[in-house]
Amino acid sequence: MSGHGDPVPMMARKGGALTGEAHVPGDKSISHRSLILGAMAVGETRITGLLEGQDVLDTAKAMRAFGAEVTRDDDGTWHVHGVGTGGFAEPEDVIDCGNSGTGVRLIMGAMATTPITVTFTGDASLRSRPMARVTDPLALFGCRSVGRAGGRLPMTLVGAAEPLPVRYTVPVPSAQVKSAVLLAGLNAPGQTVVIEAEATRDHTERMLAGFGAEITTEVTDEGRVITLTGRPELKPQTITVPRDPSSAAFPVCAALITEGSDVLVPNIGLNPTRAGLFETLIEMGADLTYENPREEGGEPVADLRARYSPDMKGVEVPPARAASMIDEYPILSVVAANAEGPTVMCGVKELRVKESDRIAAMADGLRACGVQVEDGPDWWIVHGRGMGGVKGGATCATHLDHRIAMSFLCLGLSTREPVGVDDGGPIATSFPIFEGLMRDLGAEIERG
Ligand code: S3P
């Protein structure tokens, strides 16, 4: 599955129980940040457990283009020889970030305060996504940019020669925007301050502290006020990437809706800024438990055990929880379709500007499978049909969106008729082993 080649039609059907252990890959957010901060440190950072999905491989390639040496041992250990804060060289060619919003937005931040000129592009999905949310705050540092109408890629950024520190309140809940500003602040003198009204994933803050930057977070009436002191010498690190809760979501939810299932998903990062889905599933009545909770590399980790849960009920998901499960609404809607009663999801307009418009993509496919869905600009309601009550029998469009593809394939494990997707190729961006892992658990997922 390339994510960039010919479409890969796939199909899932109801079969036997899912059982066994699901070893999901490394966290995508932490993997991007490990490579980028490794490239901005002086010396060699070693990374194990890196997600080797296309999104992260595109970021590795970009870091090489900026002058960092990035290599992989046969045992899967990655080495990044960084060039230091402000040490990025001007790439000789266009930086193609493929499907990855995180990759392009974080790299824009990382180069914005170095006087180099860089042109960015990506696939059709990424070229349709808004970049002004990042280039607007980067302009405050003195970084210029020009792109297509609506702030779309391809786009060229000219990094600031004499950057100024910035105080910026992030207008939408976005860890990518917050992180871009913090990475730009690394090469600005003085203190850069980012304020976010709602807490979003805090991997950048945690990792910057780990690399030796001076960074503090204060919780005030305005929200979280994050202060970074510019021009630190980042010290190379040894990083073990925890496994991705956003990938764990798929085998967990598939087990909840597949009769007789009992699946263990070990070593999942449960940073509170990422664990909103699991909290919601437990509220719905899911038989989901955290086993062996512990701390690893400064992050809370546990083994998740998910068992078939035929009596789940629809819930109203608190909008305040949205940021901690923003990538998990598509798979939640699949569980919601198999629960009794409505599941109400509000305060989620960001879903409309992800790899696809995720509310539209899921609503269309769920309706085609016989599920009633209502939606508005920043909300949607899935009317559950009870366990096993969804007809299926449709081929759903995935719009170059990995999470839409995986969500509909999980749905097909519970429906009366099989569910197809027009293109499973993009799954390789975040979860390249999805198909084999699900089949090993017993899922009937096939190509064609
Ligand atoms: C991410 C932040 C989120 C999330 C994305 C990864 C990150 O995007 O949807 O998959 O690693 O910072 P936004 O910042 O657009 O909310």
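Please read every residue number as a count from 1 along the shown chain.
Heads up, the Cβ atoms here are built off N, Cα and C, so glycines get one too.
TrEMBL does not curate its annotations; it predicts them automatically.
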Residue in ARG127, ARG129, ARG148 which TrEMBL records at the phosphoenolpyruvate site where LYS28, GLY101, GLN176, ARG358, ARG403 also bind: ARG129
ARG358 (phosphoenolpyruvate binding site): tally of other CB atoms within 10 A of its CB: 25
LYS28, ARG33, GLN176, LYS354 screened against ARG129 (phosphoenolpyruvate binding site), Cα within 10 Å - retained binding-site residues: LYS354
Where the record names LYS28, SER29, ARG33, SER174, GLN176, ASP327, LYS354 as binding 3-phosphoshikimate, the maximum Cα to Cα distance in Å: 19
Among ARG33, GLN176, ASP327, LYS354, which are recorded as binding-site residues, the nearest neighbour of ARG403 (phosphoenolpyruvate binding site) by Cα: ASP327
Inter-residue C-alpha distance, GLY101 (phosphoenolpyruvate binding site) and GLN176 (3-phosphoshikimate binding site) (nearest angstrom): 8
